[in-house]
Amino acid sequence: MIATTGKVNLLGLTQPQLESFFESIGEKRFRAGQVMKWIHHFGVDDFDAMSNLGKALREKLKACAEIRGPEIVSEDISSDGTRKWVVRVASGSCVETVYIPQGGRGTLCVSSQAGCALDCSFCSTGKQGFNSNLTAAEVIGQVWIANKSFGTVPAKIDRAITNVVMMGMGEPLLNFDNVVAAMQIMMDDLGYGISKRKVTLSTSGVVPMIDELAKVIDVSLALSLHAPNEALRDQLVPINKKYPLDVLLAACKRYVSRLGEKRVLTIEYTLLKGVNDQPEHAEQMIALLADIPCKINLIPFNPFPHSGYERPSNNAIRRFQDILHKGGHNVTVRTTRGEDIDAACGQLVGQVLDRTRRSERYIAVRELQSEPGAAQTASNRS
């Protein structure tokens, strides 16, 4: 466990929350905007560096507040430019954050939980069990750390982080309030100013919270589908037993229709050799998604030890994609990035204190550091 100070962590407060905080300590609400800019635009964690605040206010803030992000354990850089940070959160567990540069975009993949309770059979994170929800400060803190690493100001045109996907460790909708607060900061011009179309939340299908999400925030939605029929999805994504496909897809349709503006649902489908990659599975997907505005992202399986699954051949992947194309769907195949530093989709594991198995040991599915020679470890921890 990481020791707490009892002070209010301003890093995870939205603008309205920060305004209320300043009112509670007898200060004007406009101070919230000043402090948010220092924190998120410039990566400042020292009140003394906030030059437009008077000394008395800086001293008051030092007495009752702090700006504290997760602790960086390691930062690895892949041969393809992908970066991965392993960060330690207050529970003592480690989670992972991945930055993927591609063309003129920079996508940050953010974790929402330490471990995951959903136990999807092909995902290394799920093999750890669940430890804890991340706080709002720990979720947005991953963006804060990455942005500081690049030394860029979010408002600039040449920003490093253009997109954020809640597709890291954990199920975001099972940490609803903290994830929503973090996404609000991401989209706030006083935070990171990221367009609502460029913030995406991925869910395995927590149906009640999909409806709640549509009421409070406008972000893009991705569904981790991975199977085109009930029996197979029950096997691969166990939450399907609680929220079957007809109920789940109806909720997704409601969400997309509320957004309007020609928004579509992203379907994520991990291809597993001999399991869900056959022509009949593609045909079933076409029928299943016939009346849903969507785009399909095929993800060839990224191996990890003892998974029991294999990546399909390139021919099998192309065949699956071609069938979906002929069925009228917009289909892409995700390029595997960061595989040499275990940063590819489905490989994020961190190090999680195993509470679901009621023991006091640590699960370490892999070493926190990459094997020698597999990646360049960054020396700059700022």
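Using N, Cα and C of the backbone, Cβ positions are placed for all residues, glycine too.
A quick note: this is a predicted structure, and the numbers were derived from the prediction, not measured.
Residues or ranges marked as active site, proton acceptor by Swiss-Prot: Glu96.
Swiss-Prot lists Cys345 with the feature active site, S-methylcysteine intermediate.
Neighbour density for Cys120 ([4Fe-4S] cluster binding site): within 10 A of its CB lie 21 other CB atoms from the protein chains shown. Secondary structure at Cys120 ([4Fe-4S] cluster binding site), as computed by DSSP, is coil. Taken from Swiss-Prot, the feature [4Fe-4S] cluster binding site applies to Cys116, Cys120, Cys123, supported by sequence analysis.
The Cβ of Ser202 (S-adenosyl-L-methionine binding site) has 20 neighbouring Cβ atoms from other residues within 10 Å, across all protein chains displayed. Annotated S-adenosyl-L-methionine binding site per Swiss-Prot: Gly170, Glu171, Ser202, Ser224, Leu225, His226, Asn302, in sequence order.
Swiss-Prot lists Cys109-Cys345 with the feature disulfide bond. For Cys109 (disulfide bond), applying a Cβ distance below 8 Å and a minimum sequence separation of six or more within one chain yields Thr97, Val98, Tyr99, Ile100, Val165, Met167, Gly168.
The feature domain 'Radical SAM core' is assigned by Swiss-Prot to 102-342, with sequence analysis given as support. Taking the domain 'Radical SAM core' (102-342) as a whole, pLDDT averages 93 in the prediction.
Here the C-alpha separation of Glu96 (active site, proton acceptor) and Glu171 (S-adenosyl-L-methionine binding site) works out to 14 Å. Only Cys116, of the binding-site residues Cys116, Cys120, Cys123, have a C-alpha within 10 angstroms of the C-alpha of Glu171 (S-adenosyl-L-methionine binding site). In this structure, the C-alpha atom of Cys120 ([4Fe-4S] cluster binding site) lies 10 angstrom from that of Ser224 (S-adenosyl-L-methionine binding site). Across the structure, Asn302 (S-adenosyl-L-methionine binding site) and Cys123 ([4Fe-4S] cluster binding site) place their CA atoms 9 angstrom apart. All protein chains included, Glu171 (S-adenosyl-L-methionine binding site) registers 27 other Cβ atoms within 10 Å of its own Cβ. For the binding-site residues given as Gly170, Ser224, the lowest number of other CB atoms within 10 Å of the residue's CB is seen at Ser224. Counting every protein chain shown, the number of other Cβ atoms lying within 10 Å of the Cβ of Asn302 (S-adenosyl-L-methionine binding site) is 23.
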